[in-house]
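Shown next, in structure tokens, is the structure this report addresses.
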Amino acid sequence: TQSQMNQTSGEVIFSLSGFNATTSYTVALFSLTLLCYCLILLVNVALILTVIFHQNLHEPMYFIVCNLCINALYGTAGFYPKFMYDLLSGAHVITYAGCFLQIYIIYSYAMVDFSVLALMAYDRYVAICRPLTYHSVMTRPRTVALVCLCWMVPLGCMLLVVGLTSMLKLCGSHIDKLYCENWSVVKLSCGSTKVNDVVGLIVIAFYFVHVLYIGWSYVQLVKSALSSKEGRGKFIQTCVPHLMCLFNVSTALLFDLMYSRYGSTSVPQGLRNFMAVQFLIIPPVVNPVIYGLILTKIRRRMMHLCAVAC
């Protein structure tokens with residue numbers, strides 16, 4: 001199948017066939033999506049403002065949590081507005097430039113999430129395993145520099161990935177998803193995709209190392225926490241929410257990654273759609289709620305903020 005072309009501009013237009021499973025309940029799905037996106041905006045903005053406006057929350061851990069929420073707003077902006085527009089318009093297509101922009105935003109969001117969670121693990125490791133050196137290690141300039149790296153490396157990685165994909169000659173325009181995804185575009189190529197495959201696997205391996213590091217740091221944290229009552233309290237208070245967030249984003253992305261590369265078309269389209277978007281639904285909603293409920297300082301400040309607003 002030749003790529004569809006806009007007759008006036010010669011631009012490639014991709015069709016998103018994942019929407020075929022949504023036609024019978026468009027209004028209900030749009031309402032739920034709008035509600036979900038409003039909830040994501042509300043909980044993430046509330047936590048960000050709570051951290052910004054309260055001086056006693058200007059600590060490394062809360063600054064890192066704040067960046068997790070900023071990243072959630074960034075990533076979901078690449079999916080929800082277009083998805084809601086497509087539900088209402090009935091024209092389930094996306095331009096070539098729009099497709100690559102969506103790939104860039106959604107997948108750099110996922111990478112930044114892992115980077116921030118790895119930094120959070122490092123912060124907790126220093127706080128619990130090396131408490132006497134914490135303030136000399138996690139200084140404000142160092143924390144800012146590490147957070148900047150958490151953004152710059154993923155954004156750079158995705159520039160490389162998207163750049164390589166954009167160089168491919170495409171022989172199709174059919175994407176079996178609700179949004180543009182890199183591997184789906186690579187599979188439309190007429191020529192060799194070996195370079196894309198290798199770079200993609202290197203990027204996946206690089207972020208898998210993040211997960212291994214987080215796992216290693218938590219082994220150390222558990223060992224340290226078991227040795228004292230204070231350590232156990234600090235671990236439960238600050239590390240359990242982090243582990244829950246890691247589990248959320250890891251399982252959601254693993255589903256998407258495994259299905260994109262090795263999935264079967266025999267799986268119902270509705271289930272495939274859910275597997276493909278859950279990392280854009282669950283972590284952005286659940287992460288700020290977990291931190292808002294479990295971290296005492298944030299919970300108190302957010303309750304105060306709600307009381308003032310009401």
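Glycine too: its Cβ is placed from the backbone N, Cα and C atoms.
Any TrEMBL annotation is an automated prediction that lacks curation.
Database features, via TrEMBL:
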type     : residues : note
TRANSMEM : 25-49    : transmembrane segment
DOMAIN   : 43-291   : domain 'G-protein coupled receptors family 1 profile'
TRANSMEM : 61-80    : transmembrane segment
TRANSMEM : 100-122  : transmembrane segment
TRANSMEM : 143-168  : transmembrane segment
TRANSMEM : 198-219  : transmembrane segment
TRANSMEM : 240-262  : transmembrane segment
TRANSMEM : 274-294  : transmembrane segment
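Note on the transmembrane segment (143-168): residues 60, 63-64, 67, 100, 103-104, 107-108, 111-112, 115-116, 118-119, 122-123, 182, 185-186, 188-191, 193, 195-196, 199-200, 203, 206 of its chain, located 6 or more positions outside it, place their CB under 8 angstroms from a CB of the stretch. Long-range Cβ contacts of the transmembrane segment (198-219) within its own chain (Cβ-Cβ under 8 Å, at least 6 residues beyond either end) map to 111, 114-115, 117-118, 121-122, 124-125, 157, 160-161, 164, 182-183, 186, 239, 243, 246, 250, 257. For the transmembrane segment (25-49), same-chain residues at least 6 beyond its ends with a Cβ under 8 Å from one of its own Cβ atoms are 65-66, 69-70, 72-73, 76, 80, 83-84, 87-88, 281, 284-285, 288-289, 291-292, 298, 302, 305. The domain 'G-protein coupled receptors family 1 profile' (43-291) scores a mean pLDDT of 84 in the predicted structure.
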